[in-house]
Amino acid sequence: MAYLEKCLPVHRWLTFVTGLVECLCFTGAVFGWASLVFVLRVEGYLNWMCVNITEINITDVNITDVNVTQVVDCGEQDEWFSLIFTIASFIQSFLTFSNGFVLDQFGTTVARLGGIILYTTGTLMIAFSTPALYVLLYPALTFIAVGGSMFLITNMQVGNLFRSRRSTVITLYSGAYGSSAVLFLIIKLLHEAGISLYASFLFLSACSVIHLLRTLFLMPRTLIPYPLPEHYTYGIICGESNSASAGQTEGTSNRNNIVNQEKSFRECLLSRLSFGAMVWLSVMQLRNYLFVGTLNPMLQRLTAGDHSLVSHYTTVFALTQLCGVLCSPWNGFIMDRHKGKPRAAGESERDADLRASVLSLFLTPLLCILFSICATIPILPLQYLSFVLQVINRSFLYSGQAAFISMAFPSCHFGKLYGLLQAVAALFSLLQYPCFILVENVLDGDPLYVNIALTLLTLLAFIHPFSVYLHCRSLASQKTNQPTNSHL
């Protein structure tokens, strides 16, 4: 037992650190799409959609001095690249429900093996794609997005291993998920240094061996319970197989979860808190997705097509995405700030967690409003501030969503609820493509009115923190005459 007690902390920290690296390097690569689009343009993907437009400028009244310039119109190419991202981001979010269902019903190992297969297939498709086989980009980006999402959702439960810093771990992983957009920036920089797209994505495919080893040795077969039982074990402990002990502990924990389950999945889903979280996520995810999906054409417009400036701002945007892993822990600190402090009489730990989340839930739409305003103003240098605010907002958005669900609902429903809310938000995010078409074909490429509309729409997100605040007040007022173990 002493040997086990000495090894458990090391094993858990290895799980945490390797999970952080996995989230940082692989899970959210799809959000670096703008960097990959830059490489695909250079490689000639969909370049046949660009057309040359001749402009004749008369500089003399006697028509003796005529300047003829060639302007390249790539509007149709931009639409197709935007469609690829729209499809991938939609399917990623929509299938998060099925991912969560697989995790809750079949356990971590099965869920991660499915994610590994999808991710490896996607990277191999891009590696073997060519401008003539551009259609491979559609399933490839989707497989990478869904596989990365599976890695993220299986890693979220690692926070259960660190009770006093549970929200901080969850938000850190979510921030790393957003920061992994830098992966496509690295591929862009390697491409400029002479490394082919084929070689880069073939290397990513080979990295699946790391995911497989981590699945077998550093992750549980089923789920990590919360609260964590004493001496809970999983995987391989200090080089020795502990599968029997782990299976017994995990099985006992799962049975305890079922016994202690207070609300059914249906009751959780139909609750006011679930509906508020759905609106909160949907409106802000749409704003973020449209910004990422239209970043390249926006920069083309603001730089008047200057190739070097577009490359510079694309690189800066990708680098700011890396900072998401630094921003999201602050959200976790906000949520965990009450840990170790005395709770009110009759207040459960879960109710205290929920009360502490109100500030985070309010700050997130406030950041989104500020980011959206900056993105609406068509001043190129101001986009530096847009990039910073966007990455902070996205870090707070996804980390706060995951942490809130883990606080407000039973842990046995985490995967399904997290996935279903993501699926609903995905359906709503499909509006990004009609918005793009509206800008390109109706508003002559000027997104001003669409950006204003989205900024106003984001105001709906403030309903959620207000609803949670009222819910916490209601629980506090009832604590003296009834149990406070109802979280919905």
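Just so it is clear, glycine is given a Cβ too, placed from its N, Cα and C backbone atoms.
Unlike curated entries, TrEMBL annotations are predicted automatically.
When TrEMBL is compared with the stretches 46-69, 310-333, the one noted as transmembrane segment is 310-333.
Of all ranges given (110-129, 230-249), TrEMBL attaches the label transmembrane segment to 110-129. Against the transmembrane segment (12-39), the recorded stretches 110-129, 135-156, 310-333, 354-378, 451-470 differ in Cβ pairs under 8 Å, and the greatest number is found for 135-156. Touching of the transmembrane segment (269-290) and the transmembrane segment (354-378) is concluded from the presence of at least three CB pairs under 8 A, sequence neighbours closer than 6 excluded. Most Cβ pairs within less than 8 Å of the transmembrane segment (80-103), among stretches 135-156, 310-333, 354-378, belong to 135-156. With pairs at least 6 apart in sequence, the transmembrane segment (110-129) and the transmembrane segment (168-187) have fewer than 3 Cβ pairs within the 8 Å limit; the two do not touch.
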